[in-house]
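Trainee: Shown below is the structure under consideration.
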Amino acid sequence: MADPVAGIAGSAAKSVRPFRSSEAYVEAMKEDLAEWLNALYGLGLPGGGDGFLTGLATGTTLCQHANAVTEAARALAAARPARGVAFQAHSVVPGSFMARDNVATFIGWCRVELGVPEVLMFETEDLVLRKNEKSVVLCLLEVARRGARLGLLAPRLVQFEQEIERELRAAPPAPNAPAAGEDTTETAPAPGTPARGPRMTPSDLRNLDELVREILGRCTCPDQFPMIKVSEGKYRVGDSSLLIFVRVLRSHVMVRVGGGWDTLEHYLDKHDPCRCSSTAHRPPQPRVCTFSPQRVSPTTSPRPASPVPGSERRGSRPEMTPVSLRSTKEGPETPPRPRDQLPPHPRSRRYSGDSDSSASSAQSGPLGTRSDDTGTGPRRERPSRRLTTGTPASPRRPPALRSQSRDRLDRGRPRGAPGGRGAQLSVPSPARRARSQSREEQAVLLVRRDRDGQHSWVPRGRGSGGSGRSTPQTPRARSPAAPRLSRVSSPSPELGTTPASIFRTPLQLDPQQEQQLFRRLEEEFLANARALEAVASVTPTGPVPDPARAPDPPAPDSAYCSSSSSSSSLSVLGGKCGQPGDSGRTANGLPGPRSQALSSSSDEGSPCPGMGGPLDAPGSPLACTEPSRTWARGRMDTQPDRKPSRIPTPRGPRRPSGPAELGTWHALHSVTPRAEPDSWM
């Protein structure tokens, strides 16, 4: 007679697929072990989830059970585990050092005293850190089997194993006869051993057949997997003569497979060919199947590829149809698509540092090619997200938008900058380059000042503008009316030029009118200066020196050597601030302390340039013995309303009181406009 245990092991080895459901019965085993330990020691361990392992994490329950097994072994005649373990049972926190020490003590006892195989052992981290709960459960089941041989209470699964073993060892003529030898020793408790709790009886098998039929009825295939009932809890599966033992463990239908247990659902998934080749019977299982249904588009497109990225993913949608079919069915009118919601003329991508000519080169030559290729096919170097396939796309940017883009870029550029770097770049379209350069020359003009003080308007491309850079444009003589005529013929106003660019464009005047305007401004400055000097001369401030014998003026600042308007403003501001003698005196007539020297910074100028400190008196001893000395004064600035600089400077020696005279700087501005009025032009 063949060994029945070998037949059960062979049925597990002949499965269609590898054994992957070893974790399916872990939850059922944890529930069984929790009930077993609660019955032995009156604990309150939860059966499901992480509560069971959390209750065992301290190791006290494990060590307590080890001592119980040792005491049961002492009652036997055979020398079984002869030494217990010492452990800490009070104030133990899961994950602490004492908890780890208790778990390690139990592991050492199982390995040395109980002789548990190494394949069923677990490590400390497996229980404390939940790294491998399956090993913990299998080790506890093995310890329960060893304890059941000594007369201890066994879990329900161990009782099922004992029932199955008795049924397999029973002879056919006498099925009710008890097994002899080792089986009697294992199941009967040792004499004299006290009862350790109520004995758990096997569950009733009356509902087992109904549960099995319910699980088999989930498969709706015409040719179902055969599972024939031989007796209570014994079934023959498939076309072979292999027998399986089925038991009910609470809400789980368990199957005895080899030396362990498995659920009936996973057992059928491994052995039923219909369940192996289809995923309809296992919707919650994440296993990889041999057949994976793919999404197929209901309408096939005649083109192999679509220029719109992502159209393959939307091919299964019924409302998406090919362009060719859409044109034949609906005519020239195209139904709305998600891509049609984008603006019709998307702006080209501009990077920081791009010049105007580089932007025009990106829109001149390649623009026509892109507009021609948009509606023909998927020929693209880089797929654009804003292209549409319904109708031929229009050019991405009309010529009018070219000037608008230049205006946007010129907002952050200085007005006095010379020709941009775009003039040195090669442009594919010469006509567009010439037209864009002419617009730049007409729109941006620079003020050029010669050595003799003459001012004139110069196009940006003709002069360096003080920056030292030159452009390859050829200087051309233009008449005063030429820019206006060319500007009217320019297509920019017709195509919607930005109004802001018109206001930023300097006024174009005739050179003669410019010179006449400058002369009027100079005459107005001189007239105002004379009027202010006349008002200031009414106040008695001391003898006014003769302009003919005025001392040599100090070297003025280099920033005002070539600027006629700036020097004129110096004289005006000097007259407004009054005489320096008034500012250097106090209420009692004595000279006050010298005022703080002004900074040379153009942003921190003084509103009164004539004020600088006490001046030399003609009759004072210091004026006779010491030659005239030039005092450092603050540079005049274009911002007279600003306060003087706070930078401290050394103070000079005080001079005795006496009649003050006009400062040399004020005398210079009061004489020079009268003496040489034509030199400023």
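Glycine is no exception: its Cβ is also placed from the backbone N, Cα and C atoms.
Pulled these features from Swiss-Prot for this protein:
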DOMAIN    27-148  domain 'Calponin-homology (CH)'
REGION    168-204  region 'Disordered'
COMPBIAS  186-199  compositional bias 'Low complexity'
MOD_RES   Thr193  phosphothreonine
DOMAIN    203-275  domain 'GAR'
REGION    278-509  region 'Disordered'
COMPBIAS  291-303  compositional bias 'Polar residues'
MOD_RES   Ser306  phosphoserine
MOD_RES   Ser316  phosphoserine
COMPBIAS  327-342  compositional bias 'Basic and acidic residues'
MOD_RES   Thr334  phosphothreonine
MOD_RES   Ser352  phosphoserine
COMPBIAS  354-365  compositional bias 'Low complexity'
MOD_RES   Ser355  phosphoserine
COMPBIAS  370-381  compositional bias 'Basic and acidic residues'
MOD_RES   Ser394  phosphoserine
COMPBIAS  404-413  compositional bias 'Basic and acidic residues'
COMPBIAS  437-454  compositional bias 'Basic and acidic residues'
MOD_RES   Ser438  phosphoserine
COMPBIAS  475-493  compositional bias 'Low complexity'
MOD_RES   Ser492  phosphoserine
MOD_RES   Thr498  phosphothreonine
REGION    536-681  region 'Disordered'
COMPBIAS  542-556  compositional bias 'Pro residues'
COMPBIAS  557-571  compositional bias 'Low complexity'
MOD_RES   Arg633  omega-N-methylarginine
COMPBIAS  634-644  compositional bias 'Basic and acidic residues'
MOD_RES   Ser657  phosphoserine
Trainee: Return the average pLDDT for the domain 'Calponin-homology (CH)' (27-148) as a whole number.
Mentor: 88
Trainee: Per DSSP, what is the residue count of the domain 'Calponin-homology (CH)' (27-148) in each of helix, strand and coil?
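Mentor: Counts, helix then strand then coil: 78 helix, 0 strand, 44 coil.
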Trainee: From the DSSP assignment alone, can you count helix, strand and coil residues within the domain 'GAR' (203-275)?
Mentor: 20 helix, 26 strand, 27 coil
